[in-house]
Amino acid sequence: PVCFGYPLSIFFIVINEFCERFSYYGMRAVLVLYFKYFLQWDDNLSTAIYHTFVALCYLTPILGALIADSWLGKFKTIVYLSIVYTIGQAVISVSSINDLTDHNHDGSPDNLSVHIALSMIGLILIALGTGGIKPCVSAFGGDQFDDDQEKQRSRFFSIFYLSINAGSLLSTIITPILRAQECGIHSKQRCYPLAFGVPAALMAVSLVVFISGSRMYKKVKPQGNIMIQVSKCIAFAIKNRFRHRSKQYPKREHWLDWASEKYDKRLIAQIKMVLKVLFLYIPLPMFWALFDQQGSRWTLQATTMDGNFGAIQIQPDQMQTVNPILIIIMVPVVDTVVYPLIKKCKINFTPLKKITVGMFLASLAFVAAALVQVQIDKTLPVFPAAGQSQIKIINLGTDNAVVSFEPSIQSVTVMPMKSTGYMTHETSQLQSLTVTSGNITIPVKLTEGNRHTLGVKNTVTGLQATVLADNVTSKPEEGNNLIRFINNFPDAVNVTMGDTHFGTVMPLSASDYRLFPGGQTSEVMSCSVTSQALGFGSAYTIVLNKCSGATLNVTYSEDIPPNTVHMAWQIPQYFILTCAEVVFSVTGLEFSYSQAPSNMKALLQAGWLLTVAVGNIIVLIVAGASKLSEQWAEYVLFAALLLAVCIIFAIMAYFYTYVDPNEIEAQLDEEEKKQTEKNQEGYEKQAEADSQM
């Protein structure tokens, strides 16, 4: 059946891909947070396991291609591995149920090993499933078109890629919202089971939709164990060439021709086509090394930025949605406007030229990211280095307070109800100091630690000084805010802010810091207070002064300034990288299919996806080996590496000759036909000669 000139079967494939990508990207969107906050892994381990999982997802396509091309065929491979995939999603959803091992109902799992084991089993099954079907689905879609539908097939790959990003966009928006909900039987926790459960359900829907179109599909039968044949042919050619390395043997046109003694001409020609393309793939992983950092480095960059978009407060991990939003806009625009315009200008914009431009744009995107990072670094607070300490003074009284340090350090005068910023000195210089307010002077000895807040108050009973050890030595993560209270009342007070209870705070004492989501405003219960926007990534000490009627008088002291560089400054780098993805990735899928022999299309698709796996491994290697202390320098390093690789690829692409696999195979068919006729004539002549004898 045909609809709008397209086989009706491809609509089932596109819907299937949308649901599967929703499932994958939805699960992946919250995976790092699940590692860090549920499994309680540190940043480095969470990041390492995350990139290892992504790499595994792009390594398993080799297995999927092997199964599809040589054993089950694409259709059955997709069905069976989708079942494995769905089971994996269900397992990781179960692994995130807090009540599974929370026997004492304290809100924390009692046996993390069980959750870790289930999570790893689930992730391995997911990697096997998503990776296994990845090279098959796009190639299976391409199989639905006839040879005279080249234009429709090209448009299909754009629609196919559009469905990938539509699923990615919706899941990246929805699953973080689901994760932020609270659920549980005995205690309310972040709802990871729901965040993982919905993608599991979508994967089940994907499977049902795909099977529903079974009768409409054009199913190409597997044509033997291609991977083993290819491997044996290449091994024999190398061995035979080494055996005949002497000059007495004439050279052959191609080193694979040394396999002609054992393998037929068709297989050798097909392997030549595949190897030509795979050779071009060698530089491509560097593109993915940059591209996949959207979910790691760029998200971490967003945690140090301001997400206030007026009526909407954007969380750092939600900035990832910019890419799929732009993809959905850019794919049809590039496909229907940009490419036709380039064609009208009589520019031969070949697939390999598109890929080269994509690599250059990705490099440019990281230069933009580095420029943004430079601006962010200018706004970051300074924390004490080794051997240094910091002190901040808050005057809680009604008289000026003078704090004197060692003779070499100038004394500081603090006005009533005011505070200083953090002052950095050598630790040895801050062992002791004196405070003078009114006519009273008292000595103060600092406690151990490298960051202190000194609260000073001159009362009728005398001068009081309280030293608070600040244990915050970095900006709050994920753009969250830290709040604590100092009680400047003569009596103990019970402090509640929103739904967070700070407990009872004694006079001239401070509560512990508590974490609040970024973008909120502060409102203290019991007495009303003029709310103040906290921004993102800030830390505040709120001094409770007095309560007159229903109005609370407070003083805000900024411990860590909120992020001031707006997240909107990330949009240019996302836009440039999205343009790079459109001309690189969509073209890569189409190029891989167009240059592959009929029985090795899934194999070449797997080779394309393998470049993504290698790219993720490159991230771990470069980031670990560079030892760069500045993040902007790492961005520049990645940009420079990709630019160098881009130049190498452009040179390789210049010497590449495009082939038409169908034409080559048709020529081989004609040659085989002629050879068969020739052999038949020979047999007939021989038979005639034998009969005459």
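Numbering starts at 1 and runs along the chain as it is shown here.
Positions of Cβ are set from backbone N, Cα and C atoms, glycine also.
Pulled from TrEMBL:
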type     : residues : note
COMPBIAS : 671-693  : compositional bias 'Basic and acidic residues'
REGION   : 669-693  : region 'Disordered'
TRANSMEM : 48-66    : transmembrane segment
TRANSMEM : 78-97    : transmembrane segment
TRANSMEM : 117-137  : transmembrane segment
TRANSMEM : 158-180  : transmembrane segment
TRANSMEM : 192-211  : transmembrane segment
TRANSMEM : 273-291  : transmembrane segment
TRANSMEM : 325-342  : transmembrane segment
TRANSMEM : 354-374  : transmembrane segment
TRANSMEM : 602-623  : transmembrane segment
TRANSMEM : 635-656  : transmembrane segment
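Here the transmembrane segment (158-180) has long-range neighbours at 13-15, 17-27, 29-30, 33, 138, 141, 190-192, 194-195, 198-199, 202, 315, 317-318, 320-321, 323-325, 327-328, 331-332, 335, 585-586, 589, meaning same-chain residues at least 6 beyond its ends whose C-beta is under 8 angstroms from one of its own. The DSSP breakdown of the region 'Disordered' (669-693), given as helix, strand and coil counts, is 24 helix, 0 strand, 1 coil. Through the fold, the transmembrane segment (273-291) approaches residues 230, 256, 352, 355, 358-359, 362-363, 365-366, 577, 580-581, 584, 588, 591-592, 595-597, 600, 603-604, 607-608, 610-619, 622, 638-639, 641-642, 645-646, 648-649, 652-653, 656-657, 659, 661, 664 of its own chain, all at least 6 residues removed from its boundaries and within a Cβ separation under 8 Å. Here the transmembrane segment (78-97) sits apart from the transmembrane segment (354-374); fewer than 3 CB pairs are under 8 Å, leaving out pairs fewer than 6 apart in sequence.
Within its own chain, the transmembrane segment (117-137) is flanked in space by residues 13, 16-17, 20, 24, 27, 34, 39, 53, 56-61, 63-65, 67-68, 74, 77-78, 81-96, 602-603, 605-606, 608-609, which lie at least six positions past its ends and keep a Cβ under 8 Å from the stretch.
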